[in-house]
Amino acid sequence: AEPSGSGGREAGDVNVARALLALTAACWATYPVFVKLLGNYAGGALDASVVTVIRYTMFGAIGVWLLPPGLLPRSRSHDEATAAPVDVEELAKASLEIAVLGIAGTLLNTWGIEHTSAIRGAILLSSINVITPLLSVLIGGSAEDRDVSLQTWLSCGVSFAATAYATLPAGPGAASGFRDGDFAVLAAAVCYAAVKVRLAAKARTFQPETFAAGRLVAGALLSWVVFAATSASGLEQEWPATLAALPAEAWGILLLSSLIPGVVATVLQAKGQRVVPPAQAQTIYAAVPLFAATYDFLVLHEPIEDRELAAGAAIVAGAALAMREA
């Protein structure tokens, strides 16, 4: 398929793209469940850097398979006559840019959550719903990306307020004052928002599977660089034994956590954001907590509180408001 231009973005294409982004959100929301299941099977939480490098290595292995013929030796084979030519240098630059932003967000968020409360972290990270349209206006890759409608602004604001309402303590005594961890989580939100905005600018240049593969491979390489730079505490001597002791179920969880919220979500996001501008896409991504709460209830049997139900309804209403404009 050829990249979609603005003239080809008919209502049917937009609706399909929105559905793909909703599936992306549904896939992303599975990750917290996988983390909890992994801890159960592994007999305790694994070091975050170890989990990151394993998952990104799996990403890279699958990404190499997804790459079109000719970009890497022995990559997936099919009729080369049907493969669109790829500017390898531009693909590498775009993939590395998105990978750097994504891993920076992951590291900042992980460190920030360790230095602030889970509730504050969730609220601060939900600021991505407001930061994304702001960055769209400032650094959007096209006039359409930079043109954020009033409905989208309202929807993003509603999503932020709904998340804050669902996660704030019901009673008095909430902590006040900013901490180092708070600033780190806010910085992570900026990185994640930048991923969505820059992704929209790059996604129209490459075929979705090719761009997704490039991102996965770049992320794998970068994760090893980060792991090597941050594992001076002796972890590099300990983690091979830790991995060798993991049961088969834990490896299965690691693989699923790489496939569903990783590879599948990356491909779906690349397809959807070729058509849907980043600010409007964020109104759909805001449903991730709603999906996550549903999975927690169904898989982990954790209760859903009335506040969470009300917040979920508000997020859905906000997304519907943003979608009325197209």
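Even glycines carry a Cβ here, placed using N, Cα and C.
Because TrEMBL annotations are produced automatically, they should be read as predictions rather than curated entries.
Annotated features in TrEMBL:
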type	residues	note
DOMAIN	20-164	domain 'EamA'
DOMAIN	181-323	domain 'EamA'
TRANSMEM	16-34	transmembrane segment
TRANSMEM	46-67	transmembrane segment
TRANSMEM	118-140	transmembrane segment
TRANSMEM	152-171	transmembrane segment
TRANSMEM	183-201	transmembrane segment
TRANSMEM	213-230	transmembrane segment
TRANSMEM	250-268	transmembrane segment
Sequence-remote partners of the transmembrane segment (183-201) [C-beta within less than 8 Å, at least six residues beyond its ends]: 97-98, 101-102, 104-106, 108-109, 111-113, 115-116, 120-121, 124-128, 131-132, 134-136, 139-142, 145, 269-270, 273, 276-278, 281-282, 285
Helix-strand-coil residue split for the domain 'EamA' (181-323), DSSP-based: 120 helix, 0 strand, 23 coil
Surrounding residues of the transmembrane segment (16-34) on its own chain - C-beta under 8 Å, 6+ positions past either end: 253, 256-257, 260-261, 264-265, 268-269, 271-276, 281, 284-292, 294-296, 299-300, 323
The domain 'EamA' (181-323) [mean pLDDT, rounded to integer]: 81
